[in-house]
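For reference, the structure is listed below as structure tokens.
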Amino acid sequence: MSESNATTEPLRVALLGCGTVGSSVARRLVEHPEEFSARVGRPLELVGVAVRDLDKPRDEAGLDRSLLTTDAEGLVTRADLVIELIGGIEPARSLILSAFEHGASVVTGNKALLGEDGPRLYEAASEAGVDLHFEAAVAGAIPLIRPMRESLAGDQVRRVMGIVNGTTNFILDKMDRTGADLADVLAEAQQLGYAEADPTADVEGHDAQAKAAILASLAFHTRVATSDVSCEGITAITSDDIRTVRRMGCVLKLLAICERVERPDGTAGVSARVHPTIVPRSHPLASVREAFNAVFVETELAGELMFYGPGAGADPTASAVLGDLVQAARHRVTGARGPGESAYAQLPVVPLGDVRTRYAIRVDVEDQPGVLARVATVFGDTGVSIESMIQGIRRSDDGLAPLTIATHEAAEGRLAETVERLRGLDEVGTVSSVLRMEGL
Ligand SMILES: NC(=O)C1=CN([C@@H]2O[C@H](COP(=O)(O)OP(=O)(O)OC[C@H]3O[C@@H](n4cnc5c(N)ncnc54)[C@H](O)[C@@H]3O)[C@@H](O)[C@H]2O)C=CC1
Ligand SMILES: N[C@@H](CC=O)C(=O)O
Ligand code: NA
């Protein structure tokens, strides 16, 4: 690639955090400076890397150790472009705000922070007249944020649904294929660099919850915070659940679902939720393996779009970060600006109780005449329509038989009432799982 259009004045780049993703970003920056220079139109100079521990070996990142500093606050004041890959809320937020105050554009992969305090970051970037880019924050390497912010800016998004957490997809996929337990597979996902620093964020669904908030905000031009997204993770999923779902010809996936919905008074609202979901094996989401992500975006004009690729891991995530870096750097060169916040619609977030979907409920019942009728009556009373009921063989130890009831679409509130009433039946031992279904 030619360097003829590159001036000699470098743009100063500060990297905050040199962990899984940061070290891959650093390596690429120091290994291929001429490529970046040619693509941006000006050289990029890595002026510092903020770390927590100066003595930690980092040879694999190919870094000149004199670039390392524990003074992240000082580093952001002498940069044109700041890459934040520390993660978490603080000190990441203060460092990003300080970067904006000092006139730097910011690239981050920090979905936790964007989901909690995105509007504040947008506002600060806008006041400073600089860019805020975050392609890595949702679905790793997959170009999804830029299409949502820019390519689809003239269309109307109806629904965004998909797998946005690599760790849990890796775990569920392994549980499905090998019958392994959740805890065994989590350690492997951590080793491969997919999990968050605290993997509870992955398995409890909070990482996907923050990503759903980001996607819903972009899709519906509305401020949706992480706390607006209802969330259920995969920690309660057992190998029994996986087996039951297999027998149904389905697979279990942790899905983020963001929808534009009609409220009871006919006005538009937004719903956003994350939960384990039963998906038929014939559905494209069922074949998403390991730490891959896949997101369907349904719009008024484009119809259905599918985004697929590596959703986590050092190098795939670095690809998204570096793409953003080049974009932010080009803007510095040309004087252009990236898109700011678009939250003009301000649609209300509907309560989970009003959201409608389908369910599979697994209960253990006494194997006696009249029990199925009594269970069915509960559904009739609460207005939840049954699609099928499958009873398994009575167990010898407790004399109970597993019963799986699949429903037609019903409101979450009605379903919760149904489950409550099932728990009160003498003939029902336990309600062992309640799972939502999509694409059936
Ligand atoms: N690992 C992945 O696959 C993906 C990660 N992300 C996001 O990218 C960010 C970084 O993730 P990872 O690299 O996986 O995390 P990591 O935990 O491997 O790296 C974070 C690094 O920041 C350092 N750090 C913490 N506080 C610091 C401070 N005050 N000053 C300087 N350094 C500090 C830590 O010592 C650690 O080396 C997070 O926001 C994460 O959510 C986004 C997409 C994918
Ligand atoms: N922990 C996250 C990393 C990428 O966002 C995941 O597993 O998806
Ligand atoms: Na992405």
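Glycine is no exception: its Cβ is also placed from the backbone N, Cα and C atoms.
Note: TrEMBL annotation is automatic and uncurated.
Since this is a predicted model, take the numbers as computed values, not measurements.
What TrEMBL records for this protein:
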- Leu16, Gly17, Cys18, Gly19, Thr20, Val21, Gly22, Ser23: NADP(+) binding site (BINDING)
- Lys111: NADPH binding site (BINDING)
- Glu196: L-homoserine binding site (BINDING)
- Lys211: active site, proton donor (ACT_SITE)
- 360-436: domain 'ACT' (DOMAIN)
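Taking CA atoms as the reference points, Gly19 (NADP(+) binding site) and Lys211 (active site, proton donor) are 21 Å apart. For the residue listed as 'NADPH binding site', the number of other Cβ atoms no farther than 10 Å from its own Cβ, over all displayed protein chains, is 28. With a CB cut-off of under 6 A applied against ligand 2, the recorded positions Gly17, Thr20, Glu196, Lys211 are reduced to Glu196. Across the domain 'ACT' (360-436), DSSP helix (H, G, I), strand (E, B) and coil residues number 24 helix, 32 strand, 21 coil. Among the recorded positions Leu16, Gly22, Lys211, the ones whose Cα sits within 10 Å of the Cα of Lys111 (NADPH binding site) are Lys211, in sequence order. Taking the Cβ of Cys18 (NADP(+) binding site) as centre and 10 Å as the limit, one finds 25 other Cβ atoms among all the protein chains shown. Only Gly17, of the recorded positions Gly17, Ser23, Lys211, place a Cβ under 6 Å from an atom of ligand 1.
Cα to Cα, Ser23 (NADP(+) binding site) and Lys211 (active site, proton donor) are separated by 23 Å. Looking at Leu16 (NADP(+) binding site) and the residue listed as 'L-homoserine binding site', their Cα atoms lie 16 Å from each other.
The NADP(+) site, placed at the center of the C-beta atoms of Leu16, Gly17, Cys18, Gly19, Thr20, Val21, Gly22, Ser23, has further neighbours from the same chain whose C-beta lies within 8 angstroms: Leu15, Ser24, Val25, Ala26, Leu85, Ile86. Note: the CA-CA distance between Val21 (NADP(+) binding site) and the residue listed as 'L-homoserine binding site' rounds to 11 Å.
Using a 10 Å radius centred on the Cβ of Thr20 (NADP(+) binding site) and all shown protein chains, the other Cβ atoms total 21.
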